[in-house]
């Protein structure tokens, strides 16, 4: 754990290499586990203000062992930040893969996918910069293609996947105008070319353009634009889930199912974030970090001190900053923030404003909640790592995250095989246990449910905590800002941890072991 940009993903890679080196097992499998990283980072990472290669999803890597050698591995992904596909703030970029494609595809391939100059696309932000950057992206694109081959993606699957990504970009440029005769909305004349490009990218998978029958029952510009963005987000999210499934097929163990395998799991999850503008995504990320902090407190302070008391050791209780009240504020049922958000999302008439009004009345007097000030619709939460101000615009729409049934039908009947598969789930891997029988893994779980599945896994294990500390906010190597470091040591509870390690009993031999010694 640690702030965004503190080095969690890099530490995870080093830890994986270290474990692989220690156990000297199936060398091909170990290489494959290490090699899939560039693929996951291309589709799941992006440049943010805080970090040039920021993980925009949480990943849990399970390594399965038999006789101290790795026999297989499994990846689980949590809460991919799909909204990044359709919107990025100043100084931020979309997922890496889009930039890699523009730098790495030949002009013939770009023509085949209907890709034009990247500056024309609404979903792509940030200038392409120097020739050096373009060369680096080109190299990264080649690396991704090599991994796709290694993992076992067929050529047609790779073509379909890139066609979907190109189609997503073209779709983002579709705009709408009112239909004079009946008050509904149609695709604007100026953006029909983009709609056609999106359909061609998907080999005419959208047989009826959106301006006609398929969505004629939606009213209003914003609703139509929301639907367009929903399609882009869902399509990208399904592609990402499908990639993770294919990687898991490659890494699955080939051993006797009767044999009991031991497991080491590594959780690499997005770090705590506090930007100039914080949205629904930051709330999800910070909630996950809030839960991990609670998990840490539970193990390091509560369980350890309870053991000392039980054994009647002379012990002066060490107090720590318990963040349980913040988790109650966010997760309690039926009146926690997420429950209220789900409740409001179920009402068609509800708006972001009615949601904020509900929060203000429900949490009046709560020490960890502050109503928004000024003209911006929002609220603040006092997290374990400090106060974060959230902008409430888009909370309901992002929480609903639904596709109209008619659009889902278009995808299912697509003539692009991959699109059809992604929306029907045929011939895709499915792990019932980890998704609690909620449907295939590429279908989206709610925020609360995803985090609940993750925390259940954490609590069933014997944990070791790797704390990543960010040395400065300028992304500079070799520079340590004492105040920045001290703040992290304080809010992580590391000063109290040092006390319990110093005053407590870090080595705990069994009596037999002690007597023998």
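Cβ atoms are placed via backbone N, Cα and C, with glycine included.
Here TrEMBL flags 2, 3, 4, 5, 6, 7, 8, 9 as ATP binding site. Of all the Cβ atoms in the protein chains shown, 24 others lie within 10 Å of the Cβ of residue 3 (ATP binding site).
The domain 'Myosin motor' annotation in TrEMBL covers 1-517.
The average per-residue pLDDT of the prediction over the region 'Actin-binding' (451-473) is 89, rounded to a whole number. If you look up TrEMBL, you'll see 451-473 marked as region 'Actin-binding'.
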Binding-site residues (2, 5, 7), the one with most neighbouring Cβ atoms at 10 Å:
5
Starting from the Cβ of residue 6 (ATP binding site), draw a 10 Å sphere and report how many other Cβ atoms land inside it.
20
CB-centroid shell, 8 A cutoff, ATP site 2, 3, 4, 5, 6, 7, 8, 9, site residues removed:
51, 271, 468, 470
Can you tell me how the residues of the region 'Actin-binding' (451-473) break down into helix, strand and coil by DSSP?
9 helix, 0 strand, 14 coil
